[in-house]
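Trainee: Got these off Swiss-Prot a minute ago, pasting:
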- 1-158: domain 'Obg' (DOMAIN)
- 159-328: domain 'OBG-type G' (DOMAIN)
- 165-172, 190-194, 212-215, 282-285, 309-311: GTP binding site (BINDING)
- Ser172, Thr192: Mg(2+) binding site (BINDING)
- 350-428: domain 'OCT' (DOMAIN)
Amino acid sequence: MFVDQTKIDVQAGKGGDGAVAFRHEKYVPLGGPAGGDGGRGGSIILVADSGLRTLMDFRFRRKFKADNGENGRIKSQYGRGAKDVRLKVPMGTSVYDFNTGELLGDLVKNGQELVVARGGKGGIGNIHFATPTRTAPEIAENGEPGEFRTLRLELKVLADVGLVGFPSVGKSTLLSVVTKAKPKIAAYEFTTLTPNLGMVVLPDGRDFSMADLPGLIEGASKGVGLGIQFLRHVERTKVILHLVSMDPNNGRDAYEDYETIRKELAGYTKDLTSKKELIVATQMDIPGSEEKLAEFKKKLGDKTVYPISSVTHQGVSELMGKTADLVEEVAKEEAEKPAEIKVAEKEYVYKKPEDDGFKVERTGEHSFIVTGNKLERLVQRTNLDHTDGIMLLARKLKRMGVDDALREKGAVNGDDVSIADFTFEFVD
């Protein structure tokens, strides 16, 4: 089954907690600090794989979770970091944040990686908190939570050439003639329900990939027929072969069909109509097709038309040669364009923008809540089981301006203040 869209949940692992431990050493208070750091939590990574053609693997399993990092140990030993979870996806997969719609990355090259949920950092142990005046610190950090994200995966077929047109204009037949692909072919509309891919190899050694896309009809860009779910596959093609039937018995106006498809491409995105296009008049082996072709050319004006018959192979070689020329031309133009965004071929890590701000809100007569990404992470990473940890957090909150902000909102001694899942009394 061809699956080109899916939704998945990814949960990275939590970082391990730092340890509070002490050495047994003569004349050193409590033996000296010896608590090791926690290990990093596992990340979730998508990897482009040239051997896959569909998102079928995600149809029945849609939740993925990486392991947590190990906690720090005694004797200054670090906890082990968790293994990353690597999920293989087809080349051509676009990854979106499901909730915001933001494009996180495009996986278009074999082996390219995208980190979609980062594992939490491990907390540091008490060996890092020793000072000349605090020789036996009972402070360690908790590990950071791993990121959670809901993703929308969308596969856009990677092909140099896309075949577009109304149903039953001969797209699948042409693909079967010029490649080794074996698409389903029948004399009824919408025989092709999923994109078919094939490789065209010319006698001169040139080659290019070709995709036969399901037939479009009027209103496709708004979801009519197979519609918009397949229009996106045209986006990555370099060249469009626009097939128009010259069968005089189908009761259709060739020029109107051509204009309708062009309108639907533009309705999806203007970028599609700016692609290189070859107009292909198909089914030229049918009696009466020459007259229909002449009328079609007259209405088109000065645009070039390539008449072919996939049955007799009339004009097919010339069409493939011209197509190869255009593919090379577009590839050269793309290579000469300055890259707008540089993306590493091997690994592209999506990172959330850092938010240093915070907000104070009154939730009751004597209660307040303070929110902010950086602030909440600070609280989550502080080990609140030890007095030293609580005192350190209080000093950091004061330096960040939280105390002053609470006073401005009217906080007084004894009021409750909540940050993340931690609640404490305000002391002025």
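Note: Cβ is positioned from N, Cα and C throughout, glycine not excepted.
Because the structure is a prediction, the values reported are computed rather than measured.
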Trainee: Report the DSSP secondary-structure composition of the domain 'OCT' (350-428) as helix, strand and coil residue counts.
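Mentor: Secondary-structure composition of the domain 'OCT' (350-428): 29 helix, 20 strand, 30 coil.
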Trainee: Rounded to a whole angstrom, what is the C-alpha distance between Gly165 (GTP binding site) and Ser172 (Mg(2+) binding site)?
Mentor: 11
Trainee: For Gly165 (GTP binding site), list the number of other Cβ atoms lying within 10 Å of its Cβ atom.
Mentor: 23
Trainee: Just to be sure I understand the packing, how many Cβ atoms besides its own are within 10 Å of the Cβ of Gln283 (GTP binding site)?
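Mentor: Its Cβ has 24 other Cβ atoms within 10 Å.
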Trainee: Can you tell me the CA-to-CA distance separating Ser172 (Mg(2+) binding site) and Ser309 (GTP binding site), as a whole number of Å?
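Mentor: Pair distance, Cα basis, whole Å: 13 Å.
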Trainee: Could you tell me which three-state DSSP class Gln283 (GTP binding site) falls into?
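Mentor: Gln283 (GTP binding site) sits in coil per DSSP, no helix or strand.
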Trainee: Summarise the model confidence on the domain 'OCT' (350-428) as a single mean pLDDT, whole number.
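Mentor: Summarising the domain 'OCT' (350-428) by its mean pLDDT gives 86.
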